[in-house]
Amino acid sequence: MAMCASPRPFRRVGSAGAAALAAGGAGGAERRGRPAPLQDETLGVASVPSQWRSVQGIRGETKSCQTAGIATAESSAQARTHADAQVQTEAPEEPAAMAPVSQYDTLRLEAFLRRVEAMVIRELNNNWQSHAFDGYEVNWTEQQQTVSCLHTLVYPLAQGQGLHVTGISWNSTGSVLACAYGRLDDGDWSTLKSYVCTWNLDRQGLNPQQPSVVVEVPSAVMCLAFHPTQPSHIAGGLYSGEVLVWDMSRPEDPLLWRTGLTDDTHTDPVYQVLWLPEPRHSHRFQVLSAATDGKVLLWRGSGAGQLRLTKGFALAVQQLPRSTKLKKPPRGETEVGVTSVAFSSFDSSLFVLGTEGGFPLKCSLASEVAALTRMPSSVPLRAPVQFTFSPHGGPVYSVSCSPFHRNLFLSAGTDGHVHLYSMLQAQPLTSLQLSHKYLFAVRWSPVRPLVFAAASGEGDVQLFDLQKSSQKPTVSITQTQDGSPVYCLEFNSQQTQLLAAGDAKGMVKVWQLSTAFTEQGPREVEDLDQLEAEITT
């Protein structure tokens, strides 16, 4: 039987491989029934190239992105119009030739001057004493010839309760007017709620029936006064005897200081409050209060919201000068009620008091005489009275010291008279009957030495110019149409053409004065001195 071997593929091997194959072939017949031993072989290297990069190159896509386009715009600006101008100095002029100095005879000129000297001096003295041009002034501005009402201010809620305007005051800038609401007639005032209101007259769109600030007060307000330098601070005196200070720049919580109900507090209504500089610190101020309990007290604000008593005075009947013949007071009453105060413009310690008994009293803050009183006080009370003047026929509700003369002051009483006094004599220099009813206020003008104003119980404000007449008013202004009393008035020391007056109808009227009452004459102060001298002699 014949066998045919199938062909195997040809493979190149190395020499070692060939030798092994030859040896294996020789003994193959002998070992054909068992496997041959394993041997190492070294094979050729086969490389397979990567297809990934080429595939990614085919499949990949290139993308790009950016933010949205930024919109920009350009513009230019310049003045709407322009103008060009050229300037230069004027063409110089040739100076005129200096005239030759004339020749004169020195001896003859000297003789002439000696001869006329006495005559020229005599004429100059005559001109100095002449009154030919008194009152002549150049009018640079238009003259206001009438007195007109600029504003009629009223708080409807207070007016609806029948409250009176008991006090008014201008602030230190002259732009804000404050008024106190209370009562000055019969009635139970102890539980009467009242108000303090302010109006800024310089504010645009002024509403005369809507105050800028309203402060509600639990007791009737009898008087008030703005701080001399702090435009928003107001001191007020109440019917209950308390003294309060408000800061009107804090309308939500305006109360700054108060005396509280202590042994130092007044026991009767406070009729006047004033601000006084402290003796050693002129930029600091304290509050002075005067009441019908006979006490004049000085208060200083503390950090605890309290007014602390620093000094006090009491008016005891037995300590008044002997020239004062007061009616015998009721049993147990030894104090003289105070109704008004005015300080001298020339001596900060000198002041005048108006009293319920009708006597104006000259007083001093420097007094060290102990007051004979049993009223309780945390500080020693002094007796301030130095001199007593002849009385009115009733209580003196207002006194005013002249800002131009150290010795003159005015007083107004319920007898309807205004008295002009000198500090140097008891009798008044002159007495003017201005009303058949009470006079509640009198004030000197801050700019005219011979002008003053008075408020009457017949509803009039009367303006006097003593340069024109010393017996009758120059102008009488009707404040109330029904004759209701005018209780208070104040000149504006900053805007001197303004005069404010408050009345029993609950209204405050601001009057614009004519230039005749606001422009001082060239010799007015001298005329005031002469008036005092003529009346005194």
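Placement of Cβ uses the backbone N, Cα and C atoms for every residue, glycine included.
Per Swiss-Prot, the features are:
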- Ser15: phosphoserine (MOD_RES)
- 80-93: region 'DYNLL2 binding' (REGION)
- 107-132: region 'DYNLRB1 binding' (REGION)
- 216-256: repeat 'WD 1' (REPEAT)
- 265-309: repeat 'WD 2' (REPEAT)
- 391-431: repeat 'WD 3' (REPEAT)
- 434-474: repeat 'WD 4' (REPEAT)
- 481-521: repeat 'WD 5' (REPEAT)
*DSSP says what for the repeat 'WD 5' (481-521): how many helix, strand, coil residues?*
3 helix, 18 strand, 20 coil
*Structural state census, the repeat 'WD 4' (434-474) (DSSP three-state)*: 0 helix, 18 strand, 23 coil
_Can you give me the average pLDDT across the repeat 'WD 4' (434-474), rounded to a whole number?_
92
*What are the helix, strand and coil residue counts for the repeat 'WD 1' (216-256) according to DSSP?*
0 helix, 21 strand, 20 coil
